[in-house]
């Protein structure tokens, strides 16, 4: 046979074509009417015309063009090209590596087996890649893209799209407007793009990026990386050891979902803005970065760093490490044996339950040990210390020398740390101060209520009543002038002997 070139008329036509082995394929123009045509072998070119046409490419590499009307195009075997054109068309590539283009109106495209390329065109289209590593693009309109099996690439394009990666390691980009992305199984790369997007990583180790606007990202299962980007974003790591970055603006970061199994050791990074970071379960690391942030470690042995500005840090259960860094910070250890370090600025530290280690750092700090035998070190600056219940240890170091005087000249009478609740069993620790500068790490000599001796070779510690309080003085250079003064609220008869040792000298 030669080239078979029929042209349909105005009625409803039915064509079945065939060829002998080795002959050319067919060129068919169906014209008007609702037509059905089936190719049979060869590389066919079929144009549908104005009606509601149904085309079957069969064997060979076929080109099916729907034309006007709501057409149905089936590529079958071979690497086919299907073009829907006008109308709400249905395109099915079948086997082979196919190219499907919906063009105008609301189309349904199915790639089938093979490495297929699907483009919805204008309209609200539905694209299903099927098996194989497929490329799906929604283009204009509110589209639904489903990659199916294989490592697929999905691009939503304009309008509000829904992208489903399915099985495999997929690349997904929502494009413009407000999109919904679901990675499915596999290790997926997901980009929300412009608009307020919602991204679900599902199973696998996924990488989710919100892009611009206010996005919602959930890693779910696996060890995921979530980056909110610009906008007021909500990030939830889910199960696994996840990394969450809030980016700019005011974000909410949650490491795990309470009530789900599989708490992971998550890392949460707030970025700029007033962020809220919640570690929930697992041994987490929370970094507030810039902005006035709220960090809540939750269950697990967590590390919280407030970063710049004025932050609030909550350790939660277990043994946590809280560092306020710069700014006026509030640190609350909660349960567990916690380490609280205020850093720079005037900070408030509350140890909570159990034996905590509180370090005020620079600035005028307030330290409250809570229950448990706590260690309290105010650091440089004029601090107020509350030990709370149990036997507490109040610590001073070489950095505290100079609060009261410089070169023997008194600065301010108020330049003193205050211990608000010194009780039986509490101790003042001066072992971190060299009692004789220039020599070895020397210990102090306790002289009770006696006056300082001048020209001595040992640093001295004394105390005296001062109104309703007790004043403790330290002298280190033999000039008889106090170099450090500490106020103990209430009157106390301090001792350092075999029975009672109120000091560590």
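In case you wondered, yes, glycine gets a Cβ from its N, Cα and C as well.
Fair warning: this is a prediction, and the values are worked out from it, not measured in the lab.
For 85-117 (among others), the entry in TrEMBL reads region 'Disordered'. Same-chain residues lying 6+ beyond the ends of the region 'Disordered' (85-117) with a Cβ under 8 Å from its Cβ atoms: 48, 52, 57, 61, 65-79, 123-136, 141, 148, 150.
What TrEMBL lists as compositional bias 'Acidic residues' is 92-108.
The feature region 'Disordered' is assigned by TrEMBL to 139-233 (among others). Break the region 'Disordered' (139-233) down by DSSP state and the numbers are 0 helix, 30 strand, 65 coil.
Look at TrEMBL and you will find 139-154 (among others) tagged as compositional bias 'Low complexity'.
The compositional bias 'Low complexity' annotation in TrEMBL covers 172-191 (among others).
Below 8 angstroms of C-beta separation, residues 174, 178, 183, 187-199, 222, 224-234, 247 of the same chain, each at least six residues beyond the ends of the compositional bias 'Polar residues' (206-216), sit close to that stretch. Look at TrEMBL and you will find 206-216 tagged as compositional bias 'Polar residues'.
Among the features that TrEMBL reports, region 'Disordered' is placed at 264-292 (among others).
Panel annotation: around the compositional bias 'Low complexity' (139-154), residues 106, 111, 115, 119-133, 160-173, 184, 186 of the same chain, lying at least six beyond its termini, place a Cβ under 8 Å from a Cβ of the stretch. Per-class residue totals from DSSP over the compositional bias 'Acidic residues' (92-108), listed helix then strand then coil: 0 helix, 5 strand, 12 coil.
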